[in-house]
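If you look up TrEMBL, you'll see 20-43, 55-72, 78-99, 106-129, 218-240, 304-323, 343-363, 384-405, 417-437 marked as transmembrane segment. Residues or ranges marked as domain 'Cation/H+ exchanger transmembrane' by TrEMBL: 32-443.
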Amino acid sequence: MTPVWSYVMSKWQTLSTSDHASVVSINLFVALLCACIVIGHLLEETRWMNESITALFIGMFTGVIILLVSGGKSSHLLLFSEDIFFIYLLPPIIFNAGFQVKKKQFFVNFITIMLFGAIGTLVSCSIISLGAFQIFQRMDVGSLDIADILAIGAIFAATDSVCTLQILNQDETPLLYSLVFGEGVVNDATSVVLFNAIQSLDLSKVDARVALHFIGSFFYLFSTSTLLGVFVGLLSAYTIKKLYFGRHSTDREVALMMLMAYLSYMLAELLDLSGILTVFFCGIVMSHYTWHNVTESSRVTTKHAFATLSFISETFIFVYVGMDALDIEKWSYVSDSPGTSVAVSAILLGLVMVGRAAFVFPLSFLSNLVKKSASEKITFRQQVIIWWAGLMRGAVSIALAYHQFTRAGHTQLRGNAIMITSTVTVVLFSTMVFGILTKPLIKCLIPHPKDTTSSSILSEPAAPKSFSAPLLGSAQDSEVDLDSPNIPRPSSIRALLATPTHTVHRYWRKFDDAFMRPMFGGRGFVPFVPGSPTERSRH
């Protein structure tokens, strides 16, 4: 034992102080993630808590301990970097959202989702920016220019639907789940696109030309990012369908899907596009074509692998946000005027609530105008839940705030420190308070959700969280036969507006079955691979 122990001690001493600190920090952080999973499992059935709030509390508790141990110098185990967030943590979350999205629900409610996620985000960003400009210039906030004010609008227009989706049940409230889920993903992408468009503008003088350039940049980023994601998804489907990887190794199929999904995100970042939008639509295309071209063992593997990576990334982010709430460096710059930081946080929270109400209720009214079926219309109680569910701010807001107001996680400007601390305060307050009260609010406004399940449109089995059935199995991916006589073809423009998704979906189904699936594979067009699990199951 003595030689072994001597070898271990010699290797330990060769580590530099920084390396040793990094190893200790990573070990502690991994232990925290394990604790979040265990405690979250034990609190699974509680009425008030969910995994996001649990991770925040654990992060804050750990931050207090680190502060005490370090003598009040630091509350962090690792230094936050927005690059780490955008390059490593965010892609698996967004890709899994697109990969496991219930396409039937998503595209039936596509117009409403795009209204909320795109138009609603623009409205919310405008109201928050205008309110911040009018109020902050009268307060002692620090030096904030017009670019900072517009960035604040984009930062706080980004919702965090992760916490709410852990409470909503897609079997009991499919319409609510679909709208909140779809809006959350589109909203995150739109907020980042807005933020990037603002960064690329010359705001030294604002006129009509600058406004037109901003609108053009926004739609350019939105459209090109979407097309890039679709292209990479179709390329992966065609490659796997033609080369029959499952013939030799399912590992190659899984590896190719993961790497091409990540490649789509990095290509978008390389081309200065929106990686979030690209990887989201890449996930949708892969779930519709690529996933059906691989063997059954690869389907199970990819399903759980993507969901696991997404879950770990979300937990990591919430734990860090909890620790970052106690960052002494940033709070020291606002310690001389704590009332200002509290006032800024309260103002931003109020602007978030007003900005969200300004589009949820009017856009819900417009959406209901073109829907004839009462079961498809968004009731006032559902509108209140959608409004409440989108008040939570999370990881995207934190990352964008760090990107705008710090350098490598540090800041020495009082105005920037106030905005960082205010962002952290709004994220913590909204996630904990609104998140804790969401489930009781749903129980109060929708007391018997099971009774409404039968009348909800296109209910789908198996929640993604349960994994009791494939996330993208035949039950999920089946489409409604929109050519049936029960759905009449529109005979006028008014009738077309009343059933736009039905009409678009019908023509898309014909095009998909006639050209896309024979070319790229998909359900019903799985390539024949000798000796594969698919072949044996057919026999």
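Note: Cβ is positioned from N, Cα and C throughout, glycine not excepted.
Unlike curated entries, TrEMBL annotations are predicted automatically.
Annotation: stretch 384-405 has the most Cβ pairs under 8 Å to the transmembrane segment (417-437), among 106-129, 304-323, 343-363, 384-405. Per-stretch counts of Cβ pairs under 8 Å to the transmembrane segment (20-43) identify 304-323 as the leading one among 106-129, 218-240, 304-323, 343-363, 384-405.
Of the Cβ pairs linking the transmembrane segment (343-363) with the transmembrane segment (218-240) and spaced 6 or more residues apart, fewer than 3 are under 8 Å, so the two regions do not touch. Looking at which of 55-72, 106-129, 218-240, 384-405 has the most CB pairs under 8 Å to the transmembrane segment (304-323), the answer is the stretch 55-72.
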